[in-house]
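First up is the structure itself, then whatever we jot down about it.
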Amino acid sequence: MPAAAGDGLLGEPAAPGGDGGAEDTTRPAAACEGSFLPAWVSGVSRERLRDFQHHKRVGNYLIGSRKLGEGSFAKVREGLHVLTGEKVAIKVIDKKRAKKDTYVTKNLRREGQIQQMIRHPNITQLLDILETENSYYLVMELCPGGNLMHKIYEKKRLDEAEARRYIRQLISAVEHLHRAGVVHRDLKIENLLLDEDNNIKLIDFGLSNCAGILGYSDPFSTQCGSPAYAAPELLARKKYGPKIDVWSIGVNMYAMLTGTLPFTVEPFSLRALYQKMVDKAMNPLPTQLSTGAVNFLRSLLEPDPVKRPNIQQALANRWLNENYTGKVPCNVTYPNRISLEDLSPSVVLHMTEKLGYKNSDVINTVLSNRACHILAIYFLLNKKLERYLSGKSDIQDSICYKTQLYQIEKCRATKEPYEASLDTWTRDFEFHAVQDKKPKEQEKRGDFLHRPFSKKLDKNLPSHKQPSPSLITQLQSTKALLKDRKASKSGFPDKDSFVCRNLFRKTSDSNCVASSSMEFIPVPPPRTPRIVKKLEPHQPGPGSASILPKEEPLLLDMVRSFESVDREDHIELLSPSHHYRILSSPVSLARRNSSERTLSQGLLSGSTSPLQTPLHSTLVSFAHEEKNSPPKEEGVCSPPPVPSNGLLQPLGSPNCVKSRGRFPMMGIGQMLRKRHQSLQPSSERSLDASMSPLQPTAPSSLSFDMADGVKGQC
């Protein structure tokens with residue numbers, strides 16, 4: 001049985017400054033006996049759980065009182081995972097509101113499919129999905145750096161070098177999406193977050209307010225939300241492709257460099273805004289910008305999609321890669337699945353041995369990137385371990401952590417009683433023997449390698465009687481026996497030698513395996529789960545001794561992997577002539593055969609077909625409650641009181657007056673619902689007329705099945 005919530009709690013705080021401050025990782029915590037992770041990583045302090053302000057608990061998560069964002073149907077709150085003590089972001093979706101709008105339920109399903117299919121360092125990771133009687137919960141990794149829009153508000157504008165770094169990361173993430181056949185369609189400053197390392201994290205893949213993009217009506221009566229970031233062909237209700245994201249990247253780049261939007265009209269009119277985009281009547285740029293930055297920005301904001309560069313061409317731009325020390329981004333490919341060699345053996349062993357999960361369940365869940373509680377525990381523990389090791393340059397990532405810190409004893413113990421008493425008996429004898437053999441000139445040189453005591457200790461030694469010769473012989477033999485036993489056990493040189501002293505000094509400086517009695521503890525090799533081939537049975541010879549047969553290696557049940565394909569093979573799929581259609585499944589059929597592969601081909605000996613194991617669907621399904629069933633109350637405590645005055649509104653919130661002019665917070669879907677009742681459908685041909693009809697989703701059974709993700713075409 002998996003460990004219950006609250007197991008592994010520590011009596012003391014996990015680390016100072018755990019609420020977001022600088023953590024003290026210079027001195028590693030001692031590992032518990034038989035543990036595969038240090039106590040700071042595997043344990044959670046009770047004070048951290050008690051001090052976290054929350055009003056509800058759902059599963060293994062505490063729903064915090066701090067609100068990170070809010071939309072028309074969802075609220076994003078800060079949460080705490082009780083098994084790891086790590087903070088997460090939880091998107092809470094109201095069931096009663098969502099089930100009234102099929103658009104929301106469809107995009108909710110789409111967001112889960114896309115985020116389980118995509119894996120990129122600049123895209124947020126979906127960890128878990130939960131469902132209660134009244135709400136859906138999407139658990140994602142927390143970005144403590146906040147929103148990029150807040151940073152622009154504080155600095156007024158970003159300098160060119162910082163904006164180039166953010167734009168490079170954004171283009172890399174969008175290029176990865178386009179490679180998988182996904183068009184984001186709602187790239188704006190509000191959807192760009194910053195992690196603890198000041199890197200871009202892209203969010204919002206399904207619940208973005210883009211209903212007006214589909215061409216249902218013309219609801220725009222205010223210059224708010226997505227219209228300011230939409231491409232001209234999108235506003236004109238023409239067929240569009242992945243280049244609409246390139247235009248949105250240009251608008252974001254302009255906002256970073258200037259602090260305003262590139263195209264604005266007063267009073268607002270959608271037709272006037274479109275005409276200004278077509279005429280290239282961009283607002284003036286700062287004079288301190290370089291020529292390369294201006295040329296790249298104008299190329300992104302090209303109104304003609306044929307002349308506008310695609311995402312691969314934008315990623316290879318000279319200005320974007322100027323002064324870039326790393327590998328060229330256009331030559332980097334990120335796999336959508338973790339390989340078996342990249343799994344953290346320490347975390348896997350901890351989850352199987354300490355938390356009680358099956359080894360095959362942990363490996364299959366992580367390799368398939370299926371959002372559930374197992375993936376959340378692995379991701380949070382691995383992230384916590386990486387943060388713990390970040391300040392230690394002498395520890396390599398390829399070495400299992402068990403071989404370095406698992407065997408550290410909790411406290412410094414005294415010497416063994418027998419050895420301590422032996423040193424007391426032989427102290428006077430060794431002192432007199434050394435004084436008789438060595439001349440006084442050698443004592444002045446301070447040859448401490450052959451003298452067990454310092455001068456101060458020699459002067460303060462009490463006088464004892466000379467021991468008998470029989471006792472001296474017995475003590476010498478016993479001392480030699482102890483040294484031989486230690487050397488045979490550890491396999492290291494004598495502790496009194498110079499080599500051993502240097503080796504122990506290096507080991508103790510890095511806080512590696514060492515005991516108080518100067519013995520080096522033998523460390524067995526870690527049990528890393530890996531795929532190996534079956535060994536042929538060994539036939540012993542007639543004269544050789546019988547050898548026990550080795551145990552057969554564990555054959556792990558693998559799942560299919562959607563790896564990124566080569567860039568040259570599929571660039572034509574993203575050509576301007578190819579127009580994407582908005583369907584519930586984001587993966588192209590043309591990419592299916594070229595991107596699927598099995599992880600363990602060596603397991604199928606004699607088989608011509610690859611390993612076919614169906615992908616696991618999400619354990620939690622979205623089933624709508626019946627109208628006749630009475631609602632059940634959730635155990636919700638009253639949240640802490642909120643100040644009545646409006647002086648503490650965060651910058652960039654919908655209620656802040658300063659946030660309404662430059663970076664509006666409303667989306668297209670919100671404005672649609674405000675004016676959808678009064679406006680008539682446009683006479684122009686809608687986008688749906690030129691597309692195949694969307695497949696209706698049955699409201700009674702709505703699940704995140706990754707197998708559906710490869711059937712459709714975006």
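Each Cβ is built from the backbone N, Cα and C atoms, and glycine gets one as well.
Among the residue ranges 1-28, 85-112, 477-504, the one that Swiss-Prot annotates as region 'Disordered' is 1-28.
As annotated in Swiss-Prot, region 'Disordered' covers the listed stretch 674-714 rather than the other ranges in 510-550, 674-714. The Cβ of Val76 (ATP binding site) lies under 8 Å from the Cβ of Lys67, Leu68, Gly69, Glu70, Ala89, Ile90, Lys91, Val92, each on the same chain and at least six residues away in sequence. The DSSP secondary structure for Ala74 (ATP binding site) is strand.
Cβ neighbour count for Glu70 (ATP binding site): 14 (other Cβ atoms within 10 Å of its Cβ, all protein chains included).
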